[in-house]
Amino acid sequence: MADAFAGTWKLVDSKNFDDYMKSIGVGFATRQVASMTKPTTIIEINGDTIILKTQSTFKNTEISFKLGVELDKTTADDRKVKSTVTLDGGKLVHVQKWDGQETKLVRELVDGKLILTLTHNNVVCTRTYEKEA
């Protein structure tokens, strides 16, 4: 099922991203740059390993993981998190935990688009990606 997510995805719409970044503690200057950036997300499947690359003029990141296996990761905004990704009802659900906090990043395919919903406390951000040819 995760195979459906494979491909190169370009950000085309973003709602409430600045408020989300503020909620998780991202500083003002970083938020300003990140808000203007339109990243490309590349999802690759290699056996039971998923590789998630995010590329932008701001920063490039890469995470590789197996579903359900908790990893120690450093996020693009330098948070040290415990990170777990699962497949739930056709959605890739990514949970990050740090300092008693938790954020959830849910990726789902809707009408051929990749919808990323980020939630922290009561703040919800939606980012929409279209698949590149």
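Just so it is clear, glycine is given a Cβ too, placed from its N, Cα and C backbone atoms.
Listed in Swiss-Prot for this protein:
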MOD_RES   A2  N-acetylalanine
MOD_RES   T8  phosphothreonine
MOD_RES   Y20  phosphotyrosine
MOD_RES   S23  phosphoserine
MOD_RES   T30  phosphothreonine
MOD_RES   S83  phosphoserine
BINDING   R127, T128, Y129  octadecanoate binding site
BINDING   R127, T128, Y129  hexadecanoate binding site
BINDING   R127, T128, Y129  (9Z)-octadecenoate binding site
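Feature annotations (Swiss-Prot) mapped to structure.
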residue : record                     : DSSP (3 states)
A2      : N-acetylalanine            : helix
T8      : phosphothreonine           : strand
Y20     : phosphotyrosine            : helix
T30     : phosphothreonine           : helix
S83     : phosphoserine              : strand
R127    : octadecanoate binding site : strand
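Cβ atoms within 8 Å of the centroid of the Cβ atoms of R127, T128, Y129 (the octadecanoate site) belong to the same-chain residues W9, L11, V12, D13, S14, K113, L114, I115, L116, T126, E130, site residues excluded. Residue with the densest Cβ environment among the modified residues T8, S83: S83, by other Cβ atoms within 10 Å. Considering only the modified residues T8, Y20, S23, the residue whose Cα is spatially closest to the Cα of T128 (octadecanoate binding site) is T8. Spatial neighbours are here defined as Cα atoms within 10 angstroms of one another, and by that definition R127 (octadecanoate binding site) has no neighbours among the modified residues A2, T8, Y20, S83. It is T30, among the modified residues S23, T30, whose Cβ has the fewest other Cβ atoms within 10 Å in the structure shown. The CA atom of T8 (phosphothreonine) is located 9 Å away from the CA atom of Y129 (octadecanoate binding site). Cα separation, Y20 (phosphotyrosine) to T30 (phosphothreonine), rounded: 13 Å. For T30 (phosphothreonine), the nearest neighbour among the listed recorded positions (A2, S23, S83, Y129), judged by C-alpha distance, is S23.
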